[in-house]
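The next block holds one structure in the form of structure tokens; read it before the comments.
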Amino acid sequence: MGPLMVLFCLLFLYPGLADSAPSCPQNVNISGGTFTLSHGWAPGSLLTYSCPQGLYPSPASRLCKSSGQWQTPGATRSLSKAVCKPVRCPAPVSFENGIYTPRLGSYPVGGNVSFECEDGFILRGSPVRQCRPNGMWDGETAVCDNGAGHCPNPGISLGAVRTGFRFGHGDKVRYRCSSNLVLTGSSERECQGNGVWSGTEPICRQPYSYDFPEDVAPALGTSFSHMLGATNPTQKTKESLGRKIQIQRSGHLNLYLLLDCSQSVSENDFLIFKESASLMVDRIFSFEINVSVAIITFASEPKVLMSVLNDNSRDMTEVISSLENANYKDHENGTGTNTYAALNSVYLMMNNQMRLLGMETMAWQEIRHAIILLTDGKSNMGGSPKTAVDHIREILNINQKRNDYLDIYAIGVGKLDVDWRELNELGSKKDGERHAFILQDTKALHQVFEHMLDVSKLTDTICGVGNMSANASDQERTPWHVTIKPKSQETCRGALISDQWVLTAAHCFRDGNDHSLWRVNVGDPKSQWGKEFLIEKAVISPGFDVFAKKNQGILEFYGDDIALLKLAQKVKMSTHARPICLPCTMEANLALRRPQGSTCRDHENELLNKQSVPAHFVALNGSKLNINLKMGVEWTSCAEVVSQEKTMFPNLTDVREVVTDQFLCSGTQEDESPCKGESGGAVFLERRFRFFQVGLVSWGLYNPCLGSADKNSRKRAPRSKVPPPRDFHINLFRMQPWLRQHLGDVLNFLPL
């Protein structure tokens, strides 16, 4: 278990100590575990113990004092030998209106506890819960409820004791934890008029417990995902998105990142902190929200690296630059942890902004504020940080009606003897949410910020969002990808470009115009997330005629190979179904973070700005494959290979009769080639963690799936093949008039 690193700043607090300085003894091994040192054996070095999963170290850490002796934080007795002890989960103290089995004093990792209700009561929550290796129970609190109260029975979490048994409007319940367990969440909750309990469900946890990234990421990601979906200014109809850090379209988000730079962090961890923070900033700025970011590092004193009052706080490049310039030694002369001063810096920033905008103005009152505090929760100077939080709540006028305007997240990283009580005291308390967490190490922190944006929570039609987490399915990575088929035989692919329109290739429909039997499969066809849609209308480009140049000896010609399908129903947005961004639209402009007034030409210059542009298409088996789109002089050399194809074009004298400027070209030796059946699928790029369709698969000189019925089997062309593989894709920048004609009421197009 790594040192409890809770901030984005690692400071070497004792550089250049004299050779005469004492060093601490080296007989500090732990039975069954290992240890790390932040600064060797010198005074100021933090020793952190680690144990295998399912065990925890006792003590968790020791600090080398200036006297040359080790001290265990919080210990009153002399040093004892460090050992690894088994992790245990707390037992129920009581269970109302039911029984639980087995009845133990505490439960080992892997142990289960089961719940049953008495007659007349209905079980809500998890009937069986298992003790996890982090000392936390899986599942949800089991409650036996008869529905008689104005609010539902709030239950009693494992290890907790509750006083208060009335659940009417205005009634209160109070919680405390048994033995040495620590309470996180709300110690008191009130039944509100809307039938919901105030605050956050209390949890009693072992002092050594921590949270898994897969638990923290959804909790943070739900808040930010709702916020991102709620701030899409291009949505034409309002949808109810629920609470979370929700911002009205006329509003703005101030995001404050507070990074603790104390002696318990190392330089390597500091680099991971900065990388994680930069990743989070990059992800948030990749969505079309109005956001300003403040960055504050602190030890004994705070250092404001970026203020929300600075215009650059709205510029992702400037914000990330400020993070990158955060110096490991910025706080080397400060040995304390002054969380109060860091939060007070936020308060002063808010106060200055309120004076600038005017306390009574909508411009001030509609700003939402989110504070992410990365710390060990061990403030040891400057006063109580809760006082600063109270000042912040007061200046923002946070009450029941304005509770959504402030969220404070307190996140600890590592496993020192964390002051859970202080972390819990600082974090916001809101129904159904958690705002205080402890992560095991900096790697876990990086995972959280990388995967915190759960796109399944975006009910808006925000475009170009793929789930890139490690456990995401192929369909979740490319949720715009659809399959088009007549009855049962798959023929083509396509891409969702809105909640009701699919873009595909015209040649998929050249055998007839009756589409009543055709289906479009949206989502993962191999799971419950797949759904078939009827086609309400097919719009085929009138310029497409595969035999248009047959009398010139060109047996097949694929100019204007583009079509639109309007689905009979709108697609419900989810992690498995979401439109891709089309260039030259306001939706794509926001995703690219381009300024207002940008044009279609600006998008082309940004997306297709190199001689060889890395791009992707989706294979028959759903995987994402790589190609390189050739531009400029490389486009010419790529296309000229067609002259070697004597079967389709026996008398070709001018390559441009076949490969017009409507086509993008790929297929060099390192590229994958599309198979028959992959036509119509999107050719797309990634920019700023968003995906943009620049073309669609049309035709090629080589079929890597020929002769194989296995969707996972692709055969590369031999190097000696004549002609070598080449693939051609309709260039959407060259089809703008047609797209605007048919999608003008669906998408918001930019000037050409």
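Glycine too: its Cβ is placed from the backbone N, Cα and C atoms.
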Can you say which of 30-34, 260-264, 365-369 is given as motif 'MIDAS-like motif' in Swiss-Prot?
260-264
CYS463, CYS492, CYS675, CYS705: which one closes the disulfide with CYS581 in Swiss-Prot?
CYS463
Choose one of CYS89, CYS117, CYS151, CYS177: the cysteine that Swiss-Prot connects to CYS131 by a disulfide bond.
CYS89
Determine, on the basis of Swiss-Prot, the cysteine among CYS117, CYS177 paired with CYS144 in a disulphide.
CYS117
With the disulphide bonds as Swiss-Prot has them, who is the partner of CYS675, out of CYS665, CYS705?
CYS705
So, in Swiss-Prot, which cysteine from CYS177, CYS191 is disulfide-paired with CYS204?
CYS177
For SER262 (Mg(2+) binding site), the number of other Cβ atoms found within 10 Å of its own Cβ:
27
Hey, does DSSP put SER679 (active site, charge relay system) in a helix, a strand, or just coil?
coil
Proximal residue to SER262 (Mg(2+) binding site) among active-site residues HIS507, ASP561, SER679 (C-alpha distance):
SER679
Judged by the number of other CB atoms within 10 angstroms, which among THR337, HIS507, ASP561, SER679 is the least packed of the recorded positions?
HIS507
Near HIS507 (active site, charge relay system) in space, meaning Cα within 10 angstroms, which of the recorded positions do we find among THR337, ASP561, SER679?
ASP561, SER679
Counting each residue once, how many in the domain 'Sushi 1' (22-86) are helix, strand and coil under DSSP?
0 helix, 28 strand, 37 coil
Cα-Cα distance linking SER679 (active site, charge relay system) and ASP561 (active site, charge relay system), given in Å to the nearest integer:
10
